[in-house]
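> Following this message is one structure expressed as structure tokens.
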Amino acid sequence: MSDDPRPSSPGVRTGASTGASTGASTGARTAAVIPAAGRGVRLGPGAPKALRTLNGTPMLIHAARAMAASRAVSLVVVVAPPDGTAETKSLLDAHALPERTDFLVVPGGESRQESVKLGLDALPPGIDIVLVHDAARPLVPVDTVDAVIDAVRDGAPAVVPALPLADTVKQIEPADAPGAPEPVVATPERSRLRAVQTPQGFDRDTLVRAHETVTENVTDDASMVEQLGLRVVVVPGHEEAFKVTRPLDLVLAEAVLARRRLNDGF
């Protein structure tokens with residue numbers, strides 16, 4: 001990564017290839033945007049969620065490596081807290097990351113949605129496919145990343161990895177007070193429901209248009225594309241692509257890493 005101070009490209013590592021691709025490449029170049037500006041209060045006090053460590057390494061680094069593990073990804077854009085861009089760039093500089101991938105750090109906004117938009121704005125010309133990945137999903141396997149990219153290359157404007165639900169889901173009427181009983185109003189058919197993960201993949205122009213058009217707050221970028229009336233498709237997710245949200249999730253993530261080290265020499 002260079003120390004080029006130009007605001008249009010803070011944190012770019014120069015000299016790395018930006019044309020890496022899989023064997024099935026159609027020439028489309030892919031970038032991943034990782035919004036990492038949130039505090040993650042449900043994990044408890046301490047460092048921002050993306051900087052919590054797993055096996056001594058910040059989750060953000062694990063997430064960046066997971067994106068860069070795909071040979072289709074030539075650029076990873078990390079959207080950092082507005083007051084933490086220098087710290088985030090130093091963090092990336094201090095850890096081993098694939099040389100074929102460029103990394104860019106940009107300041108984020110007040111919301112996740114705004115941060116993703118700022119990450120999109122930082123992309124250079126020539127990027128055709130954009131992945132949006134949660135920093136709090138540090139262990140997503142590369143096969144899942146590649147499956148999302150391949151589905152976009154095959155013509156889907158928006159792609160999400162997802163898993164079938166194991167639990168029955170109830171739609172409720174929210175109670176007036178926290179902890180009060182909540183009446184059930186419906187039970188959706190579980191076989192038609194999926195728990196969505198990341199990275200979510202998009203045709204770049206589609207995602208840019210979604211962020212320019214949809215102004216209400218949404219929980220993921222695919223929802224914005226849905227509001228444009230465009231097709232969103234699901235590919236199989238992976239059980240290791242879970243989101244680290246609560247302290248128990250950290251324990252599970254450490255166990256997954258330990259198993260990987262034991263089985264694969266990770």
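Every residue gets a Cβ built from N, Cα and C, even glycine.
Just so you know, TrEMBL annotations are computer predictions that nobody has curated.
Keep in mind that this is a model prediction, so the values were computed, not measured.
Under the heading region 'Disordered', TrEMBL lists 1-28. Annotation source TrEMBL lists compositional bias 'Low complexity' at 11-28. What TrEMBL records for Arg42, Lys49 is site 'Transition state stabilizer'. The annotation site 'Positions MEP for the nucleophilic attack' is assigned in TrEMBL to Arg190, Lys243.
Situate these features within the shown structure.
For Lys49 (site 'Transition state stabilizer'), the number of other Cβ atoms no farther than 10 Å from its own Cβ, over all displayed protein chains, is 23.
DSSP assigns Arg190 (site 'Positions MEP for the nucleophilic attack') to a helical segment in the three-state reduction.
When secondary structure is read from DSSP and collapsed to three states, Lys243 (site 'Positions MEP for the nucleophilic attack') falls in the coil class. Other Cβ atoms within 10 Å of the Cβ of Lys243 (site 'Positions MEP for the nucleophilic attack') number 16 in total over all chains.
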> Could you measure between Lys243 (site 'Positions MEP for the nucleophilic attack') and Lys49 (site 'Transition state stabilizer') for me? Cα positions, answer in whole angstrom.
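Lys243 (site 'Positions MEP for the nucleophilic attack') to Lys49 (site 'Transition state stabilizer'), Cα-Cα distance: 11 Å.
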